[in-house]
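Q: Heads up, here are the entries from TrEMBL:
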type: COMPBIAS; residues: 750-759; note: compositional bias 'Basic and acidic residues'
type: COMPBIAS; residues: 773-786; note: compositional bias 'Polar residues'
type: COMPBIAS; residues: 787-798; note: compositional bias 'Basic and acidic residues'
type: COMPBIAS; residues: 805-814; note: compositional bias 'Basic and acidic residues'
type: DOMAIN; residues: 3-70; note: domain 'CDCP1 first CUB'
type: DOMAIN; residues: 79-182; note: domain 'CDCP1 second and fifth CUB'
type: DOMAIN; residues: 188-293; note: domain 'CDCP1 third and sixth CUB'
type: DOMAIN; residues: 315-403; note: domain 'CDCP1 fourth CUB'
type: DOMAIN; residues: 413-499; note: domain 'CDCP1 second and fifth CUB'
type: DOMAIN; residues: 516-629; note: domain 'CDCP1 third and sixth CUB'
type: REGION; residues: 736-814; note: region 'Disordered'
type: TRANSMEM; residues: 639-662; note: transmembrane segment
Amino acid sequence: ASFTISLHKVDNITVVIKLRPGASPSCRIRIKNVIRSDLKIKSGENVTFAFTCSSPERYFIMEIQKNIDCVSGPCPFGDVHLYPPGLPRLNRTYIWDVKASTKAGLELKFSTPWLRQIEPGGTCPDSISYNINSCIDKATVNIGTFCRNGSVSRVKLLGGVIMSLHLPWHSLLTTSGFNIANRASIKRLCIIESTLKGESSITLMSPNYPLGFPEDELMTWQFVIPSNMRASVFFHNYSLSNCERKEERVEYYIPGSPSNPEVFKLSDSQPANIAGSFNMSLQGCDQDAQNPGVLRLLFQVVVQPPQVDENVTHLVDLSKEKNMTVTIHLEGWPSQIALMSEPICLICKDPRTCDRVLTLASGAVYRISFLCKDLSRLRITAEKGIGCMDIRWCQRKIYSLSVPRAITRLPIQLHKFIWKILATDLINVEITSPSLKLQQHLETSEQRCNTSYSYGIVSATPETELNVGVFCPGGSIEKIQMRNNITISLKTFGKGLINESTPQDLKMSFVPHIKDECTFTVSPNPKAKVYLQTPNWSHGLPPYVSISWFIVVPSKQTARLGFSNDRMGIACETGRAYVNIKEETLGAEETVRREDELLPQPRNMHHNFWVNISNCKPVDKTQLALQFWVTFADKQIDLGIILAVVAGAGVLMAIGLTVCCVKKKKKKTQNPMVGVYNANVNTQMPGKKGLFGKGRQNNESHVYAVIDDAVVYGHLLKESNGSVAPEVDVYRPFDGPIGSLPPSPPPFSFRKDIKRSSNTEEEPPPLTDTDQDTYTFAHQKSGQSKDNGDANEKDKGDTSVPLLENKEQDGLVE
């Protein structure tokens, strides 16, 4: 098909057809017998041409430029037409270059559905876009890029204008959509009129956005708002230039305001809840020539009807609070606080100071109101800081971690309340819940939190962050002690509200330095099955971190302890990982398992006990994450023990009768005995001794059953010449005070291999030359010297029983 374009001399139109950028030249233009890759048709020319391909829109674009002179001749007011007709279906751009004097600016009026401004580089849904540039002398300012279907109804410009309309090749648009309405001096860069007929939201930008508003210029936006609606202005993105003179500012002219114009900085909260139409102006300044900076502004205007309860105020008294902020925001904040295309909930500190996000600081009293149809979309996020720099001032103080009534009384759901607890290196934090206790939320078991809120606890240092876990009220954890700085986050679920009827029982205090990274005190319900797991569950316990649990066992109960896995499931690159279990009773054996061994089988614990889990530095990406459980049952009387006791009593009775008979027989035949006074004999009558009445110092269970003569009679030899000294070997078990410290391993560099006791029938693996890793709470092998650790003595095995401790040893040799 061929096309004919005929341009009259007076039209001042030029048509250019050229290849699209990046398109291949496989399609050409044929004029008679000449093949060309582009075509330019000027005013007064008549050209007939054709394309050498069937789909020229894939290869060519077209520009139609019309020059309009409103300076030397009359200005053609009225609708601007798409001319000439009969153009080929190509992507085309119409350009109207209108020359006008700066003393008589131009007014462009757009037909409905008006225009909507978009950011440069943005696209329109129908691919039809307008671009408006103002021409002052030789300078060109980009007023903006617009799509159809918006609120921009008129634009007044100082000087000339270059108006562009971009149409896709398949568009059926036959009108330009605007007209040149008038000429009027406006004495500012431009005036943009935006007409909003009802509930809506629009976004506008300053000229030359984002490159920068012209220096020392002034422009105005006129907003036409129905008298029964309310408008609010929000600045979303702005920057300031470096001013030498004057000051960048925003001015509002609001009908009925007692102080027109109202002047604001760009950093201020902008006016809200404005009744009816108003103007907003942006004023630049004289910029620094060496470092001018950039003045730019992107803002949003939200129009909505007045709310029924807009005059209802809520008192928020934070005058007695310290180091606390309260933020009221829309659900999804801050990730979803970007531009929105519909009316939104507003929070107001006063009738004209409203925003989608309102932050209240402690130490003041506020009266707030809401411009919102549905308050269920609003949320509260609060944060409070608690610090301790000197334990002498903080140790005896107990802090209540509860949500203040000023927050719970608001008709808004609490989303999160965060306590940030800061302390120095030697001060640690203790969290208790005396009446409710805490339950650890576990996804992998039936122990899940189903309360309306929960606590997330995180312990953090500059090097590592330990996610202690998620906890809710109504469990078995009485106390958690942690090192380092702590963040506790109370978070609600569903429509759960924290109000005065919901009990809160979380206390916090500062304590001196603790040994482990984290210690739990657990007092389970005797009828419950309690699951406990290591912190940082999803990422594994950090390297070289030790965690302890102290489990309280009721006096008439027996606890059963078991692990959810058979092994730890890790391999160590440096050091060793251990699980230590020990009951809190005299003479209790300690069960120790290493990462390359099977974990203990379920076992009964008759007294309070410790569980300690210590990590090494794992290889590869393996992580240490362990879970164990505790159940309780009533103590059962063992029939075998009863029979043994009865049998033992019978044997003792028989021995007593025999001794009595022998004494009576000897009494008849023996001469009277001569009494000799011995000053070294204890003449005090022995009293009744209870269970474990003797301490380690006077309990004879520590004495060897067979003692060398040199040891027994060492004091006689010493009196003769003092040349013989007894050799004393002392059993040294876990030497910490029972009940106050968990059986946690010492630093990895000080561990030594020793014999470990176990309640199972598993045999420990034999020692090899390379298997010399050690742990803390094992016992020194008999015969192993402290100084040289003779290997030959190791092979002899542990054939001795413990000696008396130092005080009793001194008694043997004196």
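Positions of Cβ are set from backbone N, Cα and C atoms, glycine also.
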Q: Given the domain 'CDCP1 second and fifth CUB' (413-499), which of the listed stretches 79-182, 188-293, 315-403 has the most Cβ pairs that are under 8 Å apart from it?
A: 315-403
Q: Using Cβ atoms only, state whether the domain 'CDCP1 third and sixth CUB' (188-293) and the domain 'CDCP1 third and sixth CUB' (516-629) have three or more pairs under 8 Å that are 6 or more apart in sequence.
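A: Judged by the Cβ rule, the two regions do not touch, with the required three close pairs absent.
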Q: Summarise the domain 'CDCP1 fourth CUB' (315-403) by DSSP state, stating how many residues are helix, strand and coil.
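A: Going by DSSP assignments, the domain 'CDCP1 fourth CUB' (315-403) contains 7 helix, 43 strand, 39 coil.
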Q: Kindly state the mean pLDDT of the domain 'CDCP1 third and sixth CUB' (516-629) in the predicted structure.
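A: Across the domain 'CDCP1 third and sixth CUB' (516-629), the average pLDDT comes out at 92.
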Q: Let's see if you can do this one: DSSP helix, strand and coil counts over the domain 'CDCP1 second and fifth CUB' (413-499), in that order.
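A: Helix/strand/coil tally for the domain 'CDCP1 second and fifth CUB' (413-499): 0 helix, 51 strand, 36 coil.
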